[in-house]
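Participant: Pasting a structure here, questions to come.
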């Protein structure tokens, strides 16, 4: 008799974005002629950079010749992409990373969810709240979260990020073994300064805390004083794993490519206190469970770092950040309170008149035909907020702001 992992039964019935999709589909059934403007799920809308397309076309053509055909690649990724990553994402910022510390994958979401494979089930978890749901759900599956009580998991330490603390989390009062940080932040669109991030690195160093640092949106940082990598902070390689993605940087949501950095200086412990290098464990895990990202995909990712690729990708990022500027100004002109959107493609909107997140979601959908993401879906501290994304088409962005002005006047 096969027995299941009963921790899966603890998961809430639906993933946040599945619930949204059901509500939108119900609306479409009763309002088939209405145009919905989607500002909810953070999927991109602009095409891949021409340099990426050209590189992938060339890679496809290589597959048609016996002399240039590529079969299984290295589980860790091809050296040509790893070298480009190190040169452009780290060395350019004064950070030394070894090639064997970079692991190419099919995206940051997979790695964020899979990284727990090499960690015991009884580690204590800390998350900033509100939080990207994958951090919580993947730990529910692994049995680290306890039971759900009044919207919170009993064994998870929630660290509030609210307007009251300027969205800068305080150090936790309870002990945590593993801490998830995401900056620029999803969902609030806020950031940490170098000094604020240094506080967390020092805390981790002093308390043997492992930081899972998700910097999937670092390419959207506009302020030169905001760190792009946690490894810009001294000592961070001893305490942090960093996740990166080409999804929002270069529009790879449908291509799937990202990478994770696991420094060789980073250790965790056995029950009897022996230090174990996490780089070796992650490499072993990947060699067993992952056959590597496709050659064609990795050639496309490499092209992101070419001269033309950088220019084209930056132009697309600027397009989205202009959307964010239009949205933030438009929302503020409507008398709404909004955060984020300056160094991230997300805006965190305070719901008006004390409405709950889902109530405001429903009003926006049915009265304005705009879809956002209810803040409460990201955690208890998200109640009373709605996340909007700047990944839409420019015309849709302008139309959405016009609809809101008309609705709120």
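Using N, Cα and C of the backbone, Cβ positions are placed for all residues, glycine too.
Quick caveat, the model's predicted, so the values are computed rather than measured.
Per Swiss-Prot, substrate binding site is recorded for 15, 42, 109, 132, 186, 291, 387, and the stated evidence type is sequence analysis. Look at Swiss-Prot and you will find 72, 108, 109, 132, 186, 217, 245, 246, 247, 256, 291 tagged as pyridoxal 5'-phosphate binding site. According to Swiss-Prot, the feature N6-(pyridoxal phosphate)lysine maps to 248.
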Participant: Need the DSSP three-state call for residue 186 (substrate binding site) to compare against my parser.
Facilitator: coil
Participant: DSSP secondary structure for residue 291 (substrate binding site), reduced to helix/strand/coil, please.
Facilitator: coil
Participant: Within 10 Å of residue 42 (substrate binding site), Cα to Cα, which of the recorded positions 72, 245, 248 are there?
Facilitator: 248
Participant: Using a 10 Å radius around each Cβ and all protein chains in view, which of these binding-site residues has the most neighbours: 186, 245, 247, 291?
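Facilitator: Selected residue: 245.
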Participant: Which of the listed binding-site residues (15, 72, 132) has the least company, meaning the fewest other Cβ atoms within 10 Å of its Cβ?
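Facilitator: Fewest other Cβ atoms within 10 Å, among the binding-site residues 15, 72, 132, is found for 72.
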Participant: Filter the recorded positions 72, 245, 248 down to those whose C-alpha lies within 10 angstroms of the C-alpha of residue 109 (substrate binding site); answer none if the list is empty.
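Facilitator: Checking each Cα against residue 109 (substrate binding site), the hits are 245.
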Participant: If you count Cβ atoms within 10 Å of each one, which of the binding-site residues 109, 387 comes out on top?
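Facilitator: Within the set of binding-site residues, the most crowded position is 387.
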Participant: What's the number of neighbouring CB atoms sitting within 10 A of the CB on residue 42 (substrate binding site)?
Facilitator: 21
Participant: Give me the CA-CA distance between the residue listed as 'N6-(pyridoxal phosphate)lysine' and residue 186 (substrate binding site), in Å, as a whole number.
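Facilitator: Between the Cα atoms of the residue listed as 'N6-(pyridoxal phosphate)lysine' and residue 186 (substrate binding site), the distance comes to 12 Å.
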Participant: Determine the Cβ neighbour count for residue 248 (N6-(pyridoxal phosphate)lysine): the number of other Cβ atoms within 10 Å of its Cβ.
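Facilitator: Its Cβ has 25 other Cβ atoms within 10 Å.
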Participant: Just give me the nearest neighbour of residue 291 (substrate binding site) among the binding-site residues 72, 245, 247, Cα to Cα.
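Facilitator: Of the binding-site residues 72, 245, 247, 72 has its Cα closest to that of residue 291 (substrate binding site).
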Participant: Would you measure the largest Cα separation among 15, 42, 109, 132, 186, 291, 387 for the substrate site and round it to whole Å?
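Facilitator: It comes out at 35 Å between the most distant Cα atoms.
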Participant: Sorry to bug you, but what's the C-alpha spacing from residue 72 (pyridoxal 5'-phosphate binding site) to residue 186 (substrate binding site), rounded to the closest Å?
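Facilitator: Their Cα atoms are separated by 34 Å.
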